[in-house]
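Structure first, then comments.
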Amino acid sequence: MPTVRYQNGDMVMGRWPGSNLYYEVKVLDFDAKSSLYTVIYKDGTELELKEQDMKNASGFQTRSRSRSRSPGRRRSQSRSPARTTRRSSSRMAAAVTTAAITDGVTSSRKDTRLKDSLEIRLSPLVSATAAFSSYCLRAYFWLLFLPAWVLFLVLQVNLEDPSLTNFPPPLPALEAFWDAQALGFVILWILFQALLYILPVGKLSEGVPLRSGKKLKYRTNGEAVSLAVAAAVHQGVDLTYIHSHFLQLTAASFLVAVLLSVYLYVRSQYAAGEQLALGGSSGNVAYDFFKGHELNPRIKEFDLKFFCEMRPGLIGWCLINFAMALAEMKQQGLDAPSYSMILVNLFQLLYVVDGLWNEEAILTTMDLMHDGFGFMLAFGDLVWVPFTYTLQAYYLVSHPNHLSLPAVAAIVTLKLVGFYIFRKSNSEKNAFRRNPSDPKLSHLQIIPTATGKSLLVSGWWGVVRHPNYLGDLLMALAWSLPCGFSHLLPWYYMIYFIILLVHRDARDMSECRRKYGSAWDEYCRTVRYRIIPRVY
């Protein structure tokens, strides 16, 4: 039996997984089988740590009076344990060095303690500073790259030959990007969606508990909103304007996303500490502006993040697709849209309507629970989704692709299989997250963790670790197949989605291993396949 160095109730310094920073923790338990200690940080986070990731608190007594308290409780410092304080790292290092030298001039014994203290403090500081600089550089990169990439795609798909070898695409004159009517259209569309959102229809749903323990309420009436939009479209508005002014509408939406992001960042400076997102509180303006500083910004009961996630961009995606179908009929002289256009419209409409119908499920997603609302989500919701996810429909307007009936049947079958896997697995996960003790879920097998949560190892989540990703991948394939294989551009979503899933899978693996420790290793042994199961 391994020797137990720390006893239950001991206060020690525990290393935060994935960094070199130590925080005061309380030992709760020791698992002799896994040789892991269960500890709790001051903000209530419970983790499993190895003995080498723990140190006696006495070794840290020579630190300054403001000791590390826990990742979620340091008001003057970064809210993420892997990042430096709000003040610059150089000022911080200077303060540490000055204080240490002052203590060290009194005796040789203090000199020894000074050296130990500096080694303990400066080593994680250098590591954290390097990590922080990397985060900031990435924020600057994405702030520049994302708008440029959307512009490239919009200009490329409008070419007679939208080959990706035509790089860079010809740039129009600057005045071609601006259209006051397009900006007015975008603003009216958002205000119209906001009006529908605040209507007292649908139900009020509770979100998951926040760090403060509070549960926010959300108005989930997406299905009613979609019906109201369909009725408005039926009034005979000429939607081919969207196709002919696609570039101007993209630029107008980008302007609105930037202005919204500026407002969100400014208002976040006056938000209380418990209202801020842990991941967007680095102290660097560019990073926090991009990542999102405030977790759930609200104007009274109007939740800005929830509204943007589900309304203007998502429903706008379907509106743009429908406009492209009308544009195809007009440009190609058709009495009805082509099979390819109909499939793209129906498939993506089904995806959006399903999201609105199951709107409550988004309350348990990473975006709503953990990510701040900043440029990343605002740009994604208002620009990325409506103006890149509609590329297949836009492409088919000028590049029709004839499909035979057997091909249509095969693509529809693929879509339905993917949708079934996607919906059933997501519904199972959402139900389990909301109420793990629900009698309807009693047949599911679980692995308990030290955090108090459990991991599903049966049902859809016992087949592969991400059955929802598998279903999503099959649906993405069905969206692209109607466009044929003449160009790579309409396959953009499929390619982008594969890259996104690989990155998200790696991120989830790292985060879950840090969060659940040995329980996650057991889960990985039980559920071997990550996205696609092996067929024997």
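Placement of Cβ uses the backbone N, Cα and C atoms for every residue, glycine included.
Just so you know, TrEMBL annotations never went through curation; they're auto-generated.
What TrEMBL says about this one:
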DOMAIN    4-62  domain 'Tudor'
REGION    52-93  region 'Disordered'
COMPBIAS  64-77  compositional bias 'Basic residues'
TRANSMEM  139-157  transmembrane segment
TRANSMEM  177-199  transmembrane segment
TRANSMEM  220-237  transmembrane segment
TRANSMEM  249-266  transmembrane segment
TRANSMEM  377-397  transmembrane segment
TRANSMEM  403-422  transmembrane segment
TRANSMEM  443-464  transmembrane segment
TRANSMEM  476-502  transmembrane segment
Go through the chain and flag residues at least 6 beyond the ends of the transmembrane segment (476-502) whose CB is under 8 A from any CB in it; none is fine as an answer. 153, 156-157, 162-164, 339-341, 343-344, 347-348, 388-389, 391-392, 395-396, 399, 401, 403, 411-412, 414-415, 418, 466, 469, 531
Counting Cβ pairs under 8 Å to the transmembrane segment (377-397), which of 249-266, 403-422, 443-464 comes out on top? 249-266
The correct DSSP tally for the domain 'Tudor' (4-62) reads 7 helix, 28 strand, 24 coil
